[in-house]
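Record features (TrEMBL):
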- 1034-1049: compositional bias 'Basic residues' (COMPBIAS)
- 23-114: domain 'NUP210 Ig-like' (DOMAIN)
- 123-223: domain 'NUP210 Ig-like' (DOMAIN)
- 233-327: domain 'NUP210 Ig-like' (DOMAIN)
- 337-414: domain 'NUP210 fourth Ig-like' (DOMAIN)
- 519-605: domain 'NUP210 Ig-like' (DOMAIN)
- 627-719: domain 'NUP210 Ig-like' (DOMAIN)
- 868-944: domain 'NUP210 Ig-like' (DOMAIN)
- 1009-1049: region 'Disordered' (REGION)
- 1-22: signal peptide (SIGNAL)
Amino acid sequence: MGWPAILALFLCLSLGPRPASAFRLNVPRVLLPYHPTNPVAFLLEVTDPKGGCFSWRSTRPEIVAVHTVDAHPSGCSSRAVVTAVSKHAEEHSAVIFAQDTQTGTSLSCGVTVDVIKSISITTTTRILHIDAAPAKMVVEAFNREGDRFSNLGDIPFEWNFSGKEVKPLRIVPFSQSKYEAPEGIQKLENAKKKGFVILVEGHSTGSAKLTAKLSESYFENVNGNSIDLVVVANLILVPSSDVFVIPHSTIRYGIQLIKSGRTEPITLPSPQYYLKLSNDEVCSLKNEETTVVAEKVGQTEISLIDKNIEGKLGIKPESAHIYVVEPDTIEFTIDRGNSWYLETNTIYTVTIRVLDELGNSILIPEQANFDTVFSPEHFEVLERSRNGTWIVVKATNAGKTTIQSTFVSLVGYDGKEHKINARVTGQRAAQISDPIQLSPNRLILPLSSKHGANYRFTATGGTGAYTWASTNTNTARVDEMNGLITPYSYGSTSIEVRDGRNSLHKAEAQVYVLEPAMIKFAASPVEAEVGRLLVLNVEIAGLLASGQYVSFSDCRGIELRYQVEDSSIFSVESNVENSPPEEGNGCTTVVLRSLSSGDTKLTVFVGDHAATIAVSAYLPLAFDQLHSKSSEFLLALGSDISVAHSGGPRPWLLDGSNYFSTMSTDSDLLEITQNQGTYQVFCGNRQGIATLKLTVGNKRTSTNPFPAVAVAEQIVCCSKPSRISLSFHKDRISSASARSCPVTSHLVNSNTETQLELSLFGRCESEASKADDRRFDSVSSVAVSWTTNAAKLVSVQDVALAGEHQGKLFALAKPNGLRGQAIIKAELAGFKSLRSLSGSITPFEEKSKLHDSITLGFVSRPSADSSSVVLFNEATVTGNVKVRGGSGYFVVAPGYSHNILEPSLASGKESAVLEISPRGKGKANVTIHDLCIQADPLVVEVEVTDLYDIAIAAPNLFVHGNEFKTRLSLNSESEPGSAEAQLSDVHVHIDGCKDSTLDVQPIFETSEVEGKSKPSMHYEISVSHCPQPLPPTKPRKKSKRKTVKGPKG
């Protein structure tokens, strides 16, 4: 290589594309031949990556010219043609630069122009087959240093065959072949010339020499070049591959000729072809030299000999090796990917292979015998080869199974059966699954407004290990592991799921991402029990390009707006997880919580679209426990009870005509009648247990497709009384504090009627209340006899009370206003003739009659001797009120004013005394209750006031030595003389003028004054220890004193 070429290579390497630019040229260096009249060109192009736009220039355009190809309007291009235009027959070099102004990338390549000094023919094969594809013969040219030229362009060459007169080869023009001619060759062929590459094919067996030389006189000093070619028939040995066989196996060989793309058999023996073994001890040829018999363990080679070319050097005949080995193991293969994860209802071909100890597959002859077993529960055998190594089966049922096979024997060429000495067996596990199915097979989705909203296909079948893929990830993507679909834009895509253990098992579904165009409520329950959730199905549809509405498969990702007409009946549960409805019944749900009984409407909005639905909430259905707190009704024989219910579905808002309520029983013990929504239940004449079943609901309508139906059950026991208890009705004295009557005697008001209550008890023999003794819920059929031992005091009269009193019998004790005690007795007399479902009811036997009695004490109603009291606001003052009559046990009710007074009550034998102490000015009431009888409370009005004045009523003259009474009055602010009763609590002091002439002795309400020796006198009465000064004298009274004068002398 000369220094110009070295310089060009250095420039190409140093100025070429740098790693940072990423652009590359297709070659680093170009060597072009010099031609005086026919310049040779070469294509340079920028690759890795493509798409750049470069400006090209040559450093020596007189040596190498450069021209862009497919140039951009701006003149730049990623491709350019360099052409050797040198005018001198010697070595010259130039550098080609390519520069991209946008990226600043600069590439360069050195181009050398030199003279051709030698040529050589190259080819991929020198042995050609008759009627086979032509072989390419290429001339390469070199300079004096032996460097190969990059292109020879359209320089013409001469190609000639030499040899025998019959030439087995011919040159095929590119225009007559199926191959594309290199650039420049087509131009030469059009001019009836040949270039540096030709196509050669063989048309008969034989050999020839092919010579090529430059045809122009300018290259007369360049020597030509030749190669030897051989044409043979395109024969193949059948079988053509190396084989492994076991002793006693037979192999039938044949010969086929490939001609015009087809194979033709050649009959053996043939005058031109025969077979030959390299080792006759291991194998032998039989049956007109076409059958090979394996004699013993070892190896040999069988060759196909062509007598026409036998012995030619360098030509190896078609051959194959034969290895005789011992069998070791059995291996199974299956078509459809050789995977043992199978699908039901699919046909498979199972092949059995026998391997030697090194794992080589042994050729099994037809005379071999195998025992192969398939499970009949999982496979149906459709076809089987004679030796049992090729079986066509159909997988029928899913599950795991095992295929087993044993190599039993081999029938040799001599017709004898040779047992396999070693036990050669094998087995193969297989897992059969149902075909993969996707649900749904079409998914219509909205472009979700919720971030991260995704949807899922449900895959069934296969092994359960799935992989997922989307054909259009711009529209929707799928998680390849779990099948979650995330829509990204409007459009459509296909989702494919494959079995992770057998990729041939797959299923496909379509996904459409559309914009919501319609909303409505889908069929769903519209009634809910209070406190429970109501799930409403909502259907939203998109619009296809064809104008067809298609419902979304899952639209839970859409943000919906809700409006409840009456939010006190239903509320929207926004925190409840939104589960998708069943397929074909909407794409999302609205969850409501029922708050109270009633009917209302819900409206849901999406965009500009809205839908409204009526909904109803109802209380739980229950039997009204009007008569019993128990879970069972206990009825006396022949008795009836009114049974009502509460709750249950309401008559449907949009069509109440389909509302119904029914009651039934599972027993003939009961009879049921209905009257205006209330049921009457009757017991017959037999004891036992029955069940009432109450059913309430609406029938199906177009607006209520799934009506709610509620059912409640109640046990009814029909029984006889086992005991009775007599009591009297006494209202609670609610205002008398928590105290109760301290005596156990039954005291009642002798002036008021008293209600007697007779409770009957029985037993229900159900599992829930077995052996429990409780009061009957209805005894309407039972008759009672009432008696008393004191007819003068009281009489007894039956009373019939309905409704909630059905479980008791009642009577009125009517007193005659006298005080005393009376015993009242109640005795069950028998059953009234009310109703019998079968026959009459047996009355009570005399010895089993039940009875009970109660003793009542009759007392007069309580009374107070004064209804009002006025007290002076002084600590030593008290007021007393006597309470007579009643039970004698009283209590002061709370609620009086503690800042005005403080009462206390002391009970005596004949009466009670209420003592009142003042605490401050004001008015208050004191209420007294009788603890033991029902009577109106006693109310005492109390006024606490200050002293206004003192008044004395006495004569002005009286006889000496006589006594007379004088009245002393203490007057309050509100009323004169209102506090006279308090004189006993006031200290009165009487002063004379000089000497004591009066003897004063206080008596309760008056004072007597006895005259002394002096005929006249005056005295002063005053009140000591007054807490406050006396008020000023009012106009009607001049002073707080009054002077009494007796006669003089």
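Any Cβ shown, glycine's included, is placed from N, Cα and C.
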Checklist entry - Between the stretches 23-114, 123-223, 337-414, 627-719, 868-944, which one has more Cβ pairs under 8 Å with the domain 'NUP210 Ig-like' (519-605) than any other? => result 627-719
Next on the checklist: Based on DSSP, tally up the residues of the domain 'NUP210 Ig-like' (519-605) by helix, strand and coil.
Outcome noted: 0 helix, 42 strand, 45 coil
Item to check | Secondary structure content, the domain 'NUP210 Ig-like' (23-114) (per DSSP, counts of residues) | outcome: 0 helix, 51 strand, 41 coil
Item to check | Structural state census, the domain 'NUP210 fourth Ig-like' (337-414) (DSSP three-state) | outcome: 0 helix, 46 strand, 32 coil
Item to check | Secondary structure composition of the domain 'NUP210 Ig-like' (123-223) [DSSP: H/G/I, E/B, coil] | outcome: 12 helix, 40 strand, 49 coil
Checklist outcome for this item: DSSP tally for the domain 'NUP210 Ig-like' (868-944), helix/strand/coil in that order, comes to 0 helix, 45 strand, 32 coil
